[in-house]
Amino acid sequence: MHGLLLAGLLALPMNVLAHPAEQHASNVLSRRGVDIESFRLPLKAKYMDSDAAAQKIQAMSFSKDDDYVSTATKLVKSTFPKSTFRVVDDHYIGTNGIGHVHFKQTAHGLDIDNSDFNVNIGRDGKVFSFGNSFFTGEIPKENPMVKRAFSDPVKALKGAVKALNLPVKSDNAKAKTTAGKESFEFMGTTGALSAPKANLVYLQKEDGTLALTWRVETDVGDNWLLTYVDAHNSETVHNVVDYVASAEFKVFAWGLNDPTEGNPTSIRDPWTDSSPYTWHSDGMTKYPTTRGNNAIAQDNPTGGSTYINNYRPQSPNLIFNYPWSPTATPPSSYKDFSITQLFYTTNRFHDLLYSFGFNEAAGNFQVNNGNKGGRGNDFAIVNAQDGSGTNNANFATPPDGSPGRMRMYNWTTARPNRDGCLEAGIVIHEYAHGLSNRLCGGPANSGCLNALESGGMGEGWGDFYATAIRLKPRDTKDTNYSMGAWAANNPKGIRAYLYSTNLQTNPYMYTSVNSLREVHQIGTVWATMLYDLMWALIEAHGGTYSANPVFRNGVPQDGRHLAMKLVMDGMALQPCNPNFVQARDAILDADRALTNSANKCTIWKAFAKRGLGYGAKYDARNRTGSNRLPPGC
């Protein structure tokens with residue numbers, strides 16, 4: 001799927017931040033009276049972990065080919081011999097030696113947009129694991145391209161605008177053919193940040209049938225949407241995907257989450273080998289400002305869509321040393337410091353993730369990929385003090401090759417108001433949306449975390465990385481952490497519970513998800529499990545609180561960084577739109593690929609503690625928990 005995800009930090013209005021029960025998403029769509037949750041389709045993906053895959057392959061008398069893409073293709077053909085499909089052009093080999101290949105099912109030459117197959121090939125060239133959400137029902141016998149009885153794309157655009165109450169003027173819209181089958185771009189519209197687009201695709205419906213739809217793409221700033229409008233009835237919308245997920249320098253150094261944890265210090269040349277051009281060059285041009293290969297940071301007080309000519313601090317000698325005081329007001333009075341801090345945190349996280357394997361081929365955010373794979377020209381556009389909102393943040397993740405966009409807002413929860421850029425955990429949470437959306441389903445598909453449970457895990461991954469990075473040497477497994485506490489001016493933070501290994505402090509279990517209906521609530525459950533997992537690995541391997549992990553044969557040598565690496569590797573292994581059980585299995589498979597399952601029982605025990613143990617089962621309305629361990633543990 002040509003996808004983009006907009007993820008936000010919060011899902012509740014600020015007047016209820018202190019309440020333990022989070023409310024529905026307070027994004028721009030909901031302010032227009034549109035409930036995007038009502039358009040989410042249920043999870044359909046299946047995942048065959050490495051153990052099950054080995055048995056399956058043996059039963060099929062399946063042999064590998066010389067090329068990992070050919071081996072993966074052979075598996076898809078063997079699994080669905082009557083289906084047609086195409087190889088998505090985003091395959092790569094990760095730093096753990098696993099090859100990742102993605103496929104899209106087709107019908108009559110058109111994509112079935114939510115029908116995906118991902119195959120993971122091991123170092124030995126054999127199938128390691130795989131997952132799929134292929135359509136298994138009856139393909140329509142009639143080729144729609146023969147009679148062409150479907151509506152034109154302009155009607156679909158108008159249908160999307162009307163159904164979602166979008167601020168797009170489409171009265172004079174005209175469709176212009178672009179590259180690709182039944183692919184169009186709209187001229188004569190206003191209100192969108194870029195020209196809306198439409199593609200004719202099939203979509204699996206909840207009732208098990210296919211619908212011919214126009215996938216209408218509209219970027220309206222706070223929402224970057226793929227709206228699936230019925231191709232025979234433009235008033236019917238079957239599904240909506242939102243790409244925006246509601247994340248010398250004088251800065252708060254890496255590891256300091258917010259101003260309560262320390263003071264700004266001067267840091268010289270903080271980049272690592274992950275940024276060979278430094279943070280101020282893209283390999284072609286050197287920039288005396290907060291711009292480089294990985295990110296471009298600026299203020300955006302009007303909340304507008306343009307950025308290239310926005311204000312950013314200039315320093316010919318690259319000394320970004322600006323004043324800040326906790327009593328300074330308004331936030332615009334220290335915008336130089338704010339932009340510098342945002343630029344620093346974004347680049348620092350880029351470099352850490354690169355060391356774990358989120359590199360060019362995996363779809364990271366860089367202008368110049370240096371002939372290392374992937375699609376370039378897609379640094380992260382990061383806006384400080386963005387005027388399009390308050391008390392929140394978001395990150396838009398289009399597919400590889402298009403820039404990500406982060407909007408960081410001011411928070412009106414304290415006097416003086418607080419700047420979200422100064423809470424590193426919020427920036428990290430937002431950037432982690434870019435990570436998970438590029439890895440899950442492949443760099444070319446940003447629509448693989450758009451179901452309720454998978455979207456919840458997207459929020460959970462953001463909280464997990466934000467929390468893992470802020471750990472201090474004095475911390476133990478009994479240390480509890482909040483999320484967003486400084487910005488929200490609330491020591492309990494913005495989640496229902498603190499992140500804690502204590503079941504009394506945080507009672508969330510796998511079956512808690514049965515009663516939750518919002519992605520940030522579900523994400524808190526997932527991040528809680530990952531917090532337990534991290535501490536289990538720290539107890540097994542020790543903890544290091546240095547800024548950069550130490551690797552031996554590609555394996556981080558401490559439990560904290562090992563947890564971050566395994567969680568990230570699991571994202572690339574799991575199927576499009578996974579559930580908790582599949583994501584757990586993918587982390588176990590990630591450990592098998594990286595350490596030959598050296599941490600298998602440690603991982604199982606951590607998940608079993610929260611009811612996601614051996615025998616736990618997924619059902620959208622009645623998940624079954626288990627505290628059991630598998631044989632051998």
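Placed from the backbone N, Cα and C atoms, the Cβ positions cover glycine too.
These numbers come from a predicted model, not from an experiment.
Under the heading signal peptide, Swiss-Prot lists 1-18. For N410, N480, N622, the entry in Swiss-Prot reads N-linked glycosylation site. Marked as Zn(2+) binding site by Swiss-Prot on the basis of sequence analysis: H429, H433. Look at Swiss-Prot and you will find E430 tagged as active site.
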Given the glycosylation sites N410, N480, N622, the candidate whose Cβ has the fewest other Cβ atoms within 10 Å is N622
N410 (N-linked glycosylation site), DSSP three-state class -> strand
For H433 (Zn(2+) binding site) and N622 (N-linked glycosylation site), the CA-to-CA distance in whole Å is 28
Whole-number Å distance separating the Cα atoms of N480 (N-linked glycosylation site) and H429 (Zn(2+) binding site) is 18
Neighbour count check, CB within 10 A, over binding-site residues H429, H433; minimum at H429
Cβ contacts within 10 Å for E430 (active site), all chains included, total 34
Simplified to three states, DSSP reports N480 (N-linked glycosylation site) as coil
N410 (N-linked glycosylation site) sits from the residue listed as 'active site' (Cα to Cα, rounded, in Å) at a distance of 15
Between the C-alpha atoms of N410 (N-linked glycosylation site) and H429 (Zn(2+) binding site), the distance in angstrom, to the nearest integer, is 16
N622 (N-linked glycosylation site), DSSP three-state class -> coil
